[in-house]
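Novice: Structure below; questions to follow.
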């Protein structure tokens, strides 16, 4: 399946995602514990537990620094350009409300470029993996983007991240950007939105001021599946404006 020398680190990320998902499935059996809920953001105890497990496993089994949602940067080596970028539970609010769109997201980036990604949609038992230049898979079955080229026939996934602007001008611009597409979907998980594009269920994902850990793995899987993306700086460190597509719609 994979021939890249990065395969050994993909296996590490898969194992970390599996371990974290076991923990999260157990956590779902008990009442959800909310650590904080400020404005439009929510932090769960499950996020913290999952991140702790993932960070520990990655640090023990690879030489690379780790950027994660809750802990920031965990240093393991000063000499590496590669770094892990982790969202221990993408779609925390969905998880807390039993809306089945959430997962564990682990990406490996080389500088500003994603090189591999793992997203485990553990609620549905679907493990998505990708190495740029070496293909993308769901449960070892190859996935690829759609070949739809016209926006009027395309489905776009988008959303309103924590730092979204809701003033009239921003909302009018948002509506103008999305109204050219056939349908619009807001899933509440950037990781799984990118997966929908990677596997051909949608054609475009677009979001402004989305955290890098929300899209780090998904962008790698999308590119590995034949997709395309554009990134620009968002508000503050670690936030991006993202346009991603099947490569036909631009």
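The backbone N, Cα and C atoms fix where each Cβ goes, glycine too.
In case it helps, TrEMBL gives these features for our protein:
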type    : residues        : note
BINDING : 69, 87, 89, 214 : Mg(2+) 1 binding site
BINDING : 90              : Mg(2+) 2 binding site
Novice: Among the binding-site residues 69, 87, 214, whose Cβ has the fewest other Cβ atoms within 10 Å?
Specialist: 69
Novice: Rounded to a whole angstrom, what is the C-alpha distance between residue 214 (Mg(2+) 1 binding site) and residue 90 (Mg(2+) 2 binding site)?
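Specialist: Between the alpha carbons of residue 214 (Mg(2+) 1 binding site) and residue 90 (Mg(2+) 2 binding site) there are 6 Å.
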Novice: Secondary structure at residue 214 (Mg(2+) 1 binding site) (DSSP, helix/strand/coil)?
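Specialist: The three-state answer is helix.
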Novice: List the residues in the vicinity of the Mg(2+) 1 site, defined as same-chain residues other than 69, 87, 89, 214 with C-beta within 8 angstroms of the site's C-beta centre.
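Specialist: For the Mg(2+) 1 site the neighbour list reads 47, 86, 88, 90, 92, 105, 191, 211, 213.
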Novice: Cα-Cα separation of residue 69 (Mg(2+) 1 binding site) and residue 90 (Mg(2+) 2 binding site), in Å?
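Specialist: Here the two Cα atoms are 10 Å apart.
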Novice: Around the Cβ of the residue listed as 'Mg(2+) 2 binding site', how many other Cβ atoms lie within 10 Å? Please give the count over every shown protein chain.
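Specialist: Taking all protein chains shown, the residue listed as 'Mg(2+) 2 binding site' has 30 Cβ neighbours within 10 Å.
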